[in-house]
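Down below is the structure, laid out as structure tokens.
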Amino acid sequence: MPETPIDPDLTAQVLVEALPYIRRFRGKTIVVKFGGNAMVDEALKVAFARDIVLMRLVGFRVVVVHGGGPQIGNLLERIGKETEFVQGMRVTDAETMDVVEMVLGGLVNKEIVNLISAQGGRAVGLTGKDGGLIRARKLEVEQPGPENQVPEIIDIGHVGEVDHIDPAVVEMLDSGEFIPVVAPIGVDERGTSYNINADLVAGKIAEVLSAEKLLLLTNTPGVLDGAGHLLTGLSPERVDELIADGTIAGGMLPKIRCALDAVAGGVRNAHIIDGRVPHAVLLELFTDKGVGTLIRRQPE
């Protein structure tokens with residue numbers, strides 16, 4: 001099958017449009033949370049890896065944080081381990097945590113490293129345990145009780161939240177021009193392992209590194225208004241209004257809160273982008289239109 005001819009005018013247009021963004025973000029830190037359909041579709045995985053390698057080649061300091069919920073669920077099903085969810089979070093006993101570490105720290109993490117390497121990049125996979133990157137604490141989940149009664153605390157096992165980020169190992173890898181690929185597993189002061197939401201880990205790492213941008217890949221176009229239209233740019237104040245009137249709800253809420261926390265914590269911009277679009281990361285960074293919703297710390 002003959003190759004499709006390359007349109008030189010289109011190529012030139014793309015490069016000219018990208019040049020100001022490359023100049024602007026060169027030397028800046030970009031944290032990317034890899035998840036959703038982009039993690040299971042083979043073509044999207046390759047496109048993502050190419051995007052990451054190109055970002056590093058043009059001088060961006062890139063950190064990848066990944067999830068892996070569907071892959072964890074698939075392996076638990078294969079071994080006959082039943083899964084229970086509370087408020088959308090997987091109840092994680094010791095046996096399930098072993099599976100989580102195997103899948104996130106092993107299978108998924110190393111697959112992403114291999115994908116990046118296959119595109120000419122130099123990636124190093126690690127979990128939050130490596131180099132003391134993520135210190136975790138147990139997540140307390142409150143179950144609302146009857147009116148005027150104290151909420152019940154539900155134990156969902158080895159599910160945690162970020163207590164502290166020590167970026168030394170990430171900074172060391174970056175100084176050697178490696179791309180850190182982080183699995184969201186943390187450990188507390190007693191050595192207990194916890195599975196942590198990957199969006200939250202990406203946001204906290206972005207804060208500590210004073211990142212220019214946090215990119216969260218999703219299975220939606222971004223934040224939509226009541227009529228289903230994409231909202232391309234939002235201030236924190238406007239986000240609060242949309243949450244209050246119910247426009248932002250359901251599964252988008254945790255991602256929005258993660259983006260807001262990151263922006264409040266010093267990240268300049270947070271983006272919620274459609275990971276189903278090939279090369280979504282480059283389109284968001286290097287073009288005027290982008291493919292998602294931008295949340296700014298302040299008007300630019």
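Quick reminder: no glycine exception, Cβ is built from N, Cα and C everywhere.
Here is what Swiss-Prot says about this protein:
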type	residues	note
SITE	Lys33	site 'Transition state stabilizer'
BINDING	Gly68, Gly69, Arg90, Asn195	substrate binding site
SITE	Lys255	site 'Transition state stabilizer'
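Where Swiss-Prot records a feature, it is marked here on the structure.
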{"residue": "Lys33", "record": "site 'Transition state stabilizer'", "DSSP (3 states)": "strand"}
{"residue": "Gly68", "record": "substrate binding site", "DSSP (3 states)": "coil"}
{"residue": "Arg90", "record": "substrate binding site", "DSSP (3 states)": "strand"}
{"residue": "Asn195", "record": "substrate binding site", "DSSP (3 states)": "strand"}
{"residue": "Lys255", "record": "site 'Transition state stabilizer'", "DSSP (3 states)": "helix"}
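All chains included, 19 other C-beta atoms sit within 10 angstroms of the C-beta of Arg90 (substrate binding site). Taken over all pairs of the listed substrate-binding residues (Gly68, Gly69, Arg90, Asn195), the Cα spread reaches a maximum of 12 Å, rounded to the nearest whole number.
It is Lys255, among the recorded sites Lys33, Lys255, whose Cβ has the fewest other Cβ atoms within 10 Å in the structure shown. Around Gly68 (substrate binding site), a 10 Å sphere centred on its CB holds 25 further CB atoms from the protein chains shown.
Apart from the site residues Gly68, Gly69, Arg90, Asn195, the chain places the Cβ of Gly67, Ile72, Gly73, Thr92, Val100, Val103, Leu104 no farther than 8 Å from the centroid of the site's Cβ atoms, the recorded substrate location. When the alpha carbons of Gly68 (substrate binding site) and Lys255 (site 'Transition state stabilizer') are compared, the span between them is 16 angstrom. Taking the Cβ of Asn195 (substrate binding site) as centre and 10 Å as the limit, one finds 28 other Cβ atoms among all the protein chains shown. Around Gly69 (substrate binding site), the C-beta neighbours below 8 angstroms that are at least 6 residues distant in the chain are Arg90. Here Lys255 (site 'Transition state stabilizer') is positioned 17 angstrom away from Asn195 (substrate binding site), judged by their C-alpha atoms.
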